[in-house]
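A.B. asks: Submitted below is the structure of interest, expressed as structure tokens.
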Amino acid sequence: METPIKVIISGPRGRMGKEAVKMVSNNENFQLVGVVDRINEGKKLSEVDNEFNNIDCLVYTDIKHCIKDTQPDCLVELSVPQAAFEHIKTALAYNVRPVVGTTGLNQEELDELETIANDGNIGCIIAPNFAIGAVLMMKFSQMAAKYFQDIEIIEMHHDQKLDAPSGTAIKTAQLIEEVRAPKKQGHPDEIEKMPGARGADMSGMHIHSVRLPGLIAHQTVMLGGQGETLTIRHDSYNRTSFMTGVKLSIETVMKLDRFVYGLENILD
Ligand SMILES: NC(=O)c1ccc[n+]([C@@H]2O[C@H](COP(=O)([O-])OP(=O)(O)OC[C@H]3O[C@@H](n4cnc5c(N)ncnc54)[C@H](O)[C@@H]3O)[C@@H](O)[C@H]2O)c1
Ligand SMILES: O=C(O)C1=N[C@H](C(=O)O)CCC1
């Protein structure tokens, strides 16, 4: 049997973090060696929450301390954007390969991380959405955008989400930008009678963010043509839907020597 990949997880008590702790702990090719959180320094994870029954790795509030103590191969970052940037930079500085699900990092931060990872020849995967169906929805939207240039992206998430638009909606628009020239949509004299009525604008496409209790993560991309519309939709009904992508990213990042933004770049 191969030596397991030593993993640390940032944000272990969060909705995604909990799911990732379970997935990593139950996979014999991975070893959860520590977690990074805001609180509970020095406690065992099993002491923090009943859900972590039998998981005895330690909680650290300082990622440097965690890395020095546990010598991990990989950081799975699932916390908040305010903390994520420093976590990823620190991981890269210690040759620990980041797998990042946290959204809300700005373009400057992403560019800086890309430079650090590529200059150091160290793998780093940032995936705005780990669900395989969501990646296909983005790729299908990009394919369709070659033929339909008028596009509205409607992303729908639970009401505890901090960032809007979602990372997935931004990434979808970026993929579409690769095949569609900027185009102002709607009537040239269109007036927004209420600010935000037409959503956010990316190269003339519109992005609408819905936040409601009961939702998990959903996106509809509507493309309009002459006498027809095409609707492409993806739904995540639980957070297990993201774990196939997290698992694949941990395995893949260990073989990478560069920065990757988007799961579509590592899927066969
Ligand atoms: N890429 C994907 O497929 C995907 C899927 C779901 C969520 N997300 C993103 O993952 C992130 C987490 O989502 P969530 O729903 O689990 O959020 P959450 O609020 O449930 O969890 C975030 C956790 O991070 C912890 N935290 C805050 N500051 C921290 C710090 N300095 N160090 C370590 N932990 C810290 C919080 O205490 C909380 O437990 C968000 O950015 C979300 O957009 C991405
Ligand atoms: O629950 C969230 O928050 C999610 N965020 C990601 C995004 O911003 O696109 C992906 C889906 C879930």
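Every residue, even glycine, has its Cβ placed from backbone N, Cα and C.
In TrEMBL, annotation is done automatically, which means it is predicted and not curated.
Straight out of TrEMBL:
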ACT_SITE  H157  active site, proton donor/acceptor
ACT_SITE  K161  active site, proton donor
BINDING   R38  NADP(+) binding site
BINDING   H158, G167, T168  (S)-2,3,4,5-tetrahydrodipicolinate binding site
DOMAIN    5-130  domain 'Dihydrodipicolinate reductase N-terminal'
A.B. asks: If you average pLDDT over the domain 'Dihydrodipicolinate reductase N-terminal' (5-130), what do you get?
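C.D. replies: A mean pLDDT of 97 is what the predicted model shows over the domain 'Dihydrodipicolinate reductase N-terminal' (5-130).
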A.B. asks: Identify which of the following recorded positions, namely H157, H158, T168, place a Cβ less than 6 Å away from any atom of ligand 1, and list them by sequence position.
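C.D. replies: Those recorded positions that pass the cut-off are none, since no Cβ is under 6 Å from ligand 1.
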A.B. asks: Roughly how many Å separate the Cα of R38 (NADP(+) binding site) from that of T168 ((S)-2,3,4,5-tetrahydrodipicolinate binding site), to the nearest whole number?
C.D. replies: 26
A.B. asks: I'd like the number of other C-beta atoms within 10 A of the C-beta of T168 ((S)-2,3,4,5-tetrahydrodipicolinate binding site), please.
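C.D. replies: Other Cβ atoms within 10 Å of T168 ((S)-2,3,4,5-tetrahydrodipicolinate binding site): 25.
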A.B. asks: Cα-Cα separation of the residue listed as 'active site, proton donor' and T168 ((S)-2,3,4,5-tetrahydrodipicolinate binding site), in Å?
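C.D. replies: With the alpha carbons as reference points, the distance is 13 Å.
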A.B. asks: Which number gives the other C-beta atoms within 10 angstroms of the C-beta of R38 (NADP(+) binding site), all protein chains shown included?
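C.D. replies: Excluding its own Cβ, R38 (NADP(+) binding site) sees 12 Cβ atoms within 10 Å.
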